[in-house]
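Student: Have a look at the structure that comes next, please.
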Amino acid sequence: MKVFPAVLFLITFWSLEWEPVLPDSIIHIGAIFDESAKKDDEVFRMAVADLNLNNEILETEKITVSVEFVDGNNPFQAVQEACELMNRGILALVSSIGCMSAGSLQSLADAMHIPHLFIQRAPAGTPRSSCPPTTRAQPDDYTLFVRPPVYLNDVIFQVVMEYTWQKFIIFYDTDYDIRGIENFLDQTSQQGMDVSLQKVESNINMMITGMFRTMRVEELHRYRDTLRRAVLFMSPATAKAFITEVVETNLVAFDCQWIIINEEISDMDVQELVMKSIGRLTLVRQTFPLPQNTSQRCVRNNHRINTSLCDPKDPKAQMLEITNRYIYDTVLLLANTFHRKLEDRKWHSMASLSCIRKGSKPWQGGKSMLETVKKGGVSGLTSLLEFNDNGSNPNIHFEILGTNYGEDRGRGVSRLATWDPIHGLNGTLTDRKLENNMRGVVLRVVTVLEEPFVMVSENVLGKPKKYQGFSIDVLDALANYLGFKYEIYVAPDHKYGSQQADGTWNGLIGELVFKRADVGLSALTITPERESVVDFTTRYMDYSVGVLLRKAERTVDMFACLAPFDLSLWACIAGTVLLVGTLVYLLNWLNPPRLPMGSVSSTTLYNSMWFVYGSFVQQGGEVPYTTLATRMMMGVWWLFALIVISSYTANLAAFLTISRIENSIQSLQDLAKQTDLPYGTVLDSAVYDQVRSKGMNPFERDPMYSQMWRMINRTGGAENNVEESKEGIRKVKYGRFAFVWDAAVLEYVAINDEDCSLYTVSNNVADRGYGMAMQHGSPYRDIFSQRILELQQNGDMDILKLKWWPRDSPCDLYSPVGTRKSGSALDIHSFAGVFFVLAAGVVLSCLIATVETWWTRRKGSRVPSKEDDKEIDLEHLHHRVNSLCTEDESPHKQFSTSSIDLTPLDMDSLPAARQALEQISDFRNTHITTTTFIPEQIQTLSRSLSAKAAAGFAFGAVQDHRTGGPFRQRAPNGGFFRSPVKTMSSIPYQPTPAPNFSYGNDPDRGTSI
């Protein structure tokens, strides 16, 4: 069945090609085609044959044609052939040539009044460029432009805007007229786009080989980055060869996104381009709407078109070029025009015109024929063919095809949108079924371990590592929704990445730049420097700079009570107590006070010290001081003690109720102002680059960052900076160091610190964010960003955050000291020193008491001789009695022992008065201590003694063997001591009849009377 049309076509072709113009034929059409467009001639003759077989249009009339082939870039040849056709007599001229030759034919047609239907043809199938102004449609011109104006600039600009491209390269082949995209370049320049141009030589292999031979490695890497986004103004054949070459030489990767724009892209070309390309491919081509009724697709204007041309599934129809379609519709339009002219009986016969003959007149029927053609319109292979007042065809439609995402080269192609001059872009270039198309796609993810974003959850020998963290949870949420899978690995150098001196990038960013990974995931911040080499999704968490510091340690200081004063001050106070005590003693010794009868002076050095100490601690003194010098001294001392004690009390309250913060840093400004506490960050990180840029850039220099940069960059950055964040956190915890890093990371560290010894300080200004990095031009960026926004809108992102940053943390993240249970209560540690001093005093007192008891018992075990005891006790008695005789004002009284009567003494009461015993030393430089007693009865006895009896004492039967003598001096304690001139003789003991007194074993008594 398919053989017959082909045979019929060949028979018709040969018969028309060699058939001369019939003398009785009134319809003659001339045609001039480019010599390389043999297919135009084939379709032209096929259209004439179809119309000659259709009796409904021209009835009995037949169309005859004359075809000439010319060089498309030779205007003189085109004019010469056109004149030859006009000399034969033609009703219309059809041409399918380039703009250069068309301009000459336009002038000739205007001069000869021959309707000229021009079908612009681009050389070698390259995209069309607008013809020069002299070749464009004018209202009074005889040239009609069958093909619509060139709208490629408008279409490609809207596509690029839809893709939000900011940087790309345009490739064009040698046959393309670069002047055709002048308007497009102007539009991109106004939008601030960075567009590069590169001409593709005819020998593509040699061109690529030359680039590899002449470019350095760094230049090739940059060139690969440029190729991620490209627009190709090429013929389908050149585009196939170019794509094949760059893919085989590994100049492009699966993240590339290319746009091929050309009206002349057939269905077969689309399939071949998709098969050869990788990444995402977008194709823009002209399309022709088909009737929705499939049975009417080959019936147009009462004319049945050849099935091989109108059936989209027919291979011959798929191979049709756009110029072929317009040529067929042009013949159909002329046939309908001739039909109307015949019906209106306004037919003008053909005339033989001479272009060379001088004074040749134009065709008289040309104007009428032109108006009839312009008013007509047909629906053919190009949908609707008609002309406006300017003589151009306004009907044009474009379709935008796009490949699915993924690495499978056998993926399909779908229509993403359409475009026309009236409605513009109709549709979206985003594949709505992307989530289904990503199923089966395996992404290679590079990461850097950073708590809590990415952590190793399980590491079993021989099995792949398992990761967890906030960023991993976000990636899993995307994978579950979009259907892709991923393989994850850690960056070899464990760095986020920065640009090196040679222009290359290291770390995680370097893995993306060198195409070793598809996605970069961690606590990765979005910075302008990184955005210049990689693409980022929208931020999934805000970012701010923070500082990690160690809280002030609440150490147990048992002697915190001594903290208000410095050790040197305490030493001065102790020395002052000793000095003042000594001065008080000396002042009293030099000018002793006058004591009343019966008083005992206690102004010893020990008592003076005790008095000064007691007054210092506000406990008062026991010994009265009456001299003016001593009182003056004590008054000044009390004033001194008042000031010292008041100052101590106030400072002690401050020390015990207010925690002294060693590190009072509450903001980045506080950190920058101080220099005592060193601080730093991670080398080659975003924080490092941020501090450096704001601290050194003269256009955005910040004083705070300038101070921080001086500290961070000390000794070239090696002193205060670390290689990874874990090292910085460790330095803070176990040393004097402040770590400047991402606030989110530091908050997680402070929350999970076992002893809650860390706190954070941040600026709370989220000028940046965390995002997922992808290769430049990655097709996954937009859909990832869209899904992240959905997670944020429905609250799922907040749930993931609470998993790693809980609100009910046991640690206070922002307090520089440990929290207390009560704001006013003081703990035992604040007063431990006081209790220790008290305990030490108790122990020391017990020890002294033990020593005293031991010493007393040891002293009592040494029993003295009776002679010594008798002599000393009796002598003491004399002294004590003399001290009671206050009637006589003489300081030196002489007594006679015979005048003293001891009989009235109640000796039974003497043992009860043992508490009145007193240790006195009345004998200087003798080292003899006498033990005596002053019973209450002796005071009564002293009152009965007369001043006259002071000359001597009657002791009854006691014989006085003592040689009397005067006492020359009074002892300081109020008693007497022996004169250094007279030496008292011993008084022998004589028994006196009296009751027996039993003192028991009294160790304090040496003599019994």
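Cβ atoms are placed via backbone N, Cα and C, with glycine included.
Per Swiss-Prot, the feature topological domain 'Extracellular' maps to 24-566, 657-830. Taken from Swiss-Prot, the feature Ca(2+) 1 binding site covers Glu531, Val534, Asp535. Residues or ranges marked as topological domain 'Cytoplasmic' in Swiss-Prot: 588-635, 852-1009. According to Swiss-Prot, the feature Ca(2+) 2 binding site maps to Asp753, Asp755, Ser757, an assignment based on similarity to another entry. For 989-1009, the entry in Swiss-Prot reads region 'Disordered'.
Can you walk me through where each of these features ends up in the structure?
Tutor: Neighbour density for Glu531 (Ca(2+) 1 binding site): within 10 A of its CB lie 14 other CB atoms from the protein chains shown.
The Cβ of Asp755 (Ca(2+) 2 binding site) lies under 8 Å from the Cβ of no residue that is in the same chain and 6 or more residues away along the sequence.
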Student: Far apart in sequence but close in space: which same-chain residues, 6 or more away, have a Cβ under 8 Å from Asp753 (Ca(2+) 2 binding site)?
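Tutor: Looking at Cβ-Cβ distances below 8 Å from Asp753 (Ca(2+) 2 binding site), excluding near sequence neighbours, one finds Lys733, Cys811.
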Student: Excluding Glu531, Val534, Asp535, which residues of the same chain place their Cβ within 8 Å of the centroid of the Cβ atoms of the recorded Ca(2+) 1 site?
Tutor: Arg530, Ser532, Val533, Phe536, Ala773, Met774, His776
Student: Other residues near the Ca(2+) 2 site, CB within 8 A of the CB centroid of Asp753, Asp755, Ser757?
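Tutor: After dropping the recorded site residues, what remains is Lys551, Lys733, Glu754, Cys756, Leu758, Cys811.
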Student: Can you work out the mean pLDDT of the predicted model over the topological domain 'Cytoplasmic' (588-635)?
Tutor: 70
Student: Counting other Cβ atoms within 10 Å of each residue's Cβ, which of the binding-site residues Asp535, Ser757 comes out lowest?
Tutor: Ser757
Student: Report, in whole Å, the straight Cα-to-Cα distance of Ser757 (Ca(2+) 2 binding site) from Val534 (Ca(2+) 1 binding site).
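Tutor: About 39 Å separates the two Cα atoms.
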Student: Pop the Cα-Cα gap between Ser757 (Ca(2+) 2 binding site) and Glu531 (Ca(2+) 1 binding site) into the table, whole Å please.
Tutor: 38
Student: In whole Å, note down how far the CA of Asp535 (Ca(2+) 1 binding site) lies from the CA of Ser757 (Ca(2+) 2 binding site).
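Tutor: Taking the Cα atoms only, Ser757 (Ca(2+) 2 binding site) lies 39 Å from Asp535 (Ca(2+) 1 binding site).
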